[in-house]
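What TrEMBL says about this protein:
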- A27, G28, A29, G30, S31, G32, K33, T34: ATP binding site (BINDING)
- 6-292: domain 'UvrD-like helicase ATP-binding' (DOMAIN)
- 293-575: domain 'UvrD-like helicase C-terminal' (DOMAIN)
- 654-721: region 'Disordered' (REGION)
Amino acid sequence: MQHYLEGLNEQQREAVLHKDGPIMIVAGAGSGKTKVLTTRIAHLMAAHHIDAFRILALTFTNKAAAEMKERIERTLGNTEARNLYIGTFHSVFARILRAEADRLGYPRSFTIYDTDDARSVVKTVVQELNLDDKHYKPNLVLNRISSAKNALVGPDEYANDYHLQQEDMQSGRPAIGKIYQAYWARCRKNGAMDFDDLLFNMYILLSTFPEVLHKYQHKFQYILIDEYQDTNAAQYQIVKLLAAVHENICVVGDDAQSIYSFRGATIENILQFQKDYDDVKVVKLEQNYRSTQSIIAVANEVIKNNKGQIPKALWTDNHPGEKIRLVRTMTDNDEGKYVADTIQEQKLRNHYNNRDFAILYRTNAQSRSFEESLRRMNIAYRIYGGISFYQRKEVKDFIAYLRVIVNPKEEESLKRIINYPIRGIGKTSVEKAVLAANDGGLSMWDVLGNAAMFGFKSGTLESIDQFVTMIKMFASELDKKNAYDVAVLVGKHTGIVKELFNDKTTEGLARYENVQELLNSIKEWIETPLNEEDGEVGDKSLGAYLQQITLLTDADKDEEDADVVKLMTIHAAKGLEFPVVFVAGIEEGLFPSGMSINSREDLEEERRLFYVAVTRAKQRLWLTYANNRYRFGQLVQNDPSRFLDEIPELHLDKSHAGGRAPGGFGGTSAFDRMHGKPSFGPPPARKPDQRPSYLGPAPKPAQVDHTPSKDFVPSDLSGLAPGQRVEHQKFGFGEVTKMEGSGHNPIATIKFDLNGEKKIMLNYAKLRIL
Ligand code: ATP
Ligand code: MG
């Protein structure tokens, strides 16, 4: 038997060994669904010799995909896994859409808009339609558009169908259909897709071009999907199209963990699966390998109160574990303090590290009290979600430059930078350019490029010409330079870096540092090979970089080695596991949320969310709630959540006091805040050696010896020069044709006899000079 099959239980093995035809694995949390998916891919490759290029695997985060690849590589002992089509729906579809962009009338270098960009385009079109953006709030409008796209309803269909617009009419917003049409047109004109477009356009591509559909249907011989319970209609339809020829589709999911119905995900997809295909093999996994018996008991007790559920029993052979600690505190600040104290105590008593703890909550706003108390105790932590690094203004401005260089048609970014740093192209001139573009059916870039024809004042005209020339100059470097070198050139040539450097205010300093961080992060990305084992460089173009940062998900921004307590919403914790978990704010009105308590469906989704939260814990679990909480600027009283009533007393340990007795407020309590004491300290300073978390895992230092054989020693390669013959452990014999890169990160271009030309990072390469 293959070694990777040995640790599996009977059902898991059955799922792995099932080769052809549809298979669905519906199983509870921590039962090894993701593990089965990984092992299945390894088995298809190792035992059935399926080409990695023909396997499509869709995961919930890029990180999960990277981990899978790594595990498969380890299992198989080769680097074939990197050829898998594996990633999130969004990243895999973006890759396919780039290859096929011309058919849809998009440039291959199309820009991907994050939510923030999308919102700003909505705002622009709302204003252009002479509507009030206070009434047509960008967030609200975007939600409606997003729902329509995820249900595969296009702008014209939406605008022409009274039924679809009923909700808009009732809420007094009859123009949403019009806004959708204008937004759609604007994105196309900008050569940009938002996240929903990556799905919707993929669907349009496959359903409009039979030859494209045919190509990918045949290409993907095996399709595997993790977290299937959270797929929406668009994802479901696309997968159905892709799987129609081979029908080798494997989905894994847990109906009890479906928590994205607000984004259009539907459990129906699980129920529908058996109707869509004949002879579906269904495997149930019931043994949990993650958690203690106490944790599983609590999860089971709560979830059984949901009516709409596929019945299954989750059990575990693991240690009984401690009872679940239920802790009440007076205020949210006491809750924060209690959690920080407990983390400190647990570190001493049970020898945990910071990284073993996760604090999970229902809403992002809850992070504040934990931040404060962790900071006060000097416990390193990191928040996932909230305002991310890439949303900061100076970072967005810089990225806007990079975007325009790759895709000058993209108007939002163009508007951001046309007068930044100030170059005398004022608001009126920008409006004029936009109007001229709209009137003439041109892009704003076209107008700027022919500015003389549009009657700008001579001073402005000169500035515009200089700007256009500069951008063209940057663009002409794209083929010659990697993303980092282009970015540095932009920083210098535009004067941005200097301008920020000269601003010596605290904020100015922070902005300067953020831009430096951005440049550093690009450099690190450049110097991290596609694959650390063999050092192949991969695509390090600016376009590849931009796509990569836009599609980061929260869980991707993890630092493998950082010893920090993790704070995140329960939504962001899906699929993850931690030794010790605190689920906080378990109060009526917060969890379940006040908006969910009037409908059974919504309430059941909250309960599933609770189930997800509890089942993240491996060894120890705390459930906390506060009597008083500062919300929306007011101190409110809350009752404990009904979910707590659903847990039998025998599983709970309530002996742990939380916070001080009434009247004994200490620290920065809600009381203090009401009386004006500042509750925010300065942000925690990052130690110089601490890597910022949005950079992703750090590349391994060059000294690390990856080499199994003595002959392949990276450090011997310093004297490598063009003309030399070498042997690469994976790509075989070849000749060095070019040397480049910096002293500490030398890159060789090698023409391999059998594998063609490749760029290889010598710090990683397993290479031998002949
Ligand atoms: P979730 O529903 O939270 O996504 P899951 O069903 O995907 O969970 P995994 O994450 O694959 O579960 O597995 C949970 C944990 O149990 C992991 O640490 C995994 O390595 C371990 N595990 C799974 N199967 C086995 C097994 N047969 N033997 C030992 N450990 C296992
Ligand atoms: Mg999983």
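The backbone N, Cα and C atoms fix where each Cβ goes, glycine too.
Whatever TrEMBL says is automated annotation, not expert-curated.
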Model confidence over the domain 'UvrD-like helicase C-terminal' (293-575), averaged pLDDT: 89
Given the binding-site residues A27, A29, which one is most crowded in terms of C-beta atoms within 10 angstroms? A27
How many neighbouring Cβ atoms, not counting its own, are there within 10 Å of the Cβ of S31 (ATP binding site)? 28
Identify which of the following binding-site residues, namely A27, G28, G30, S31, K33, T34, place a Cβ less than 6 Å away from any atom of ligand 2, and list them by sequence position. K33, T34
For the recorded ATP site, whose residues are A27, G28, A29, G30, S31, G32, K33, T34, find every other residue on that chain with a C-beta no more than 8 angstroms from the centre of their C-beta atoms, and list them by sequence position. D254, L285, N288, Y289, R290
Near K33 (ATP binding site), how many other Cβ atoms are within 10 Å of its Cβ? 26
Which same-chain residues, if any, lie at least 6 apart from G32 (ATP binding site) yet have Cβ under 8 Å of it: L8, N9, Q12, L285, Q287, Y289
For G30 (ATP binding site), name the DSSP secondary structure in the helix/strand/coil scheme. coil
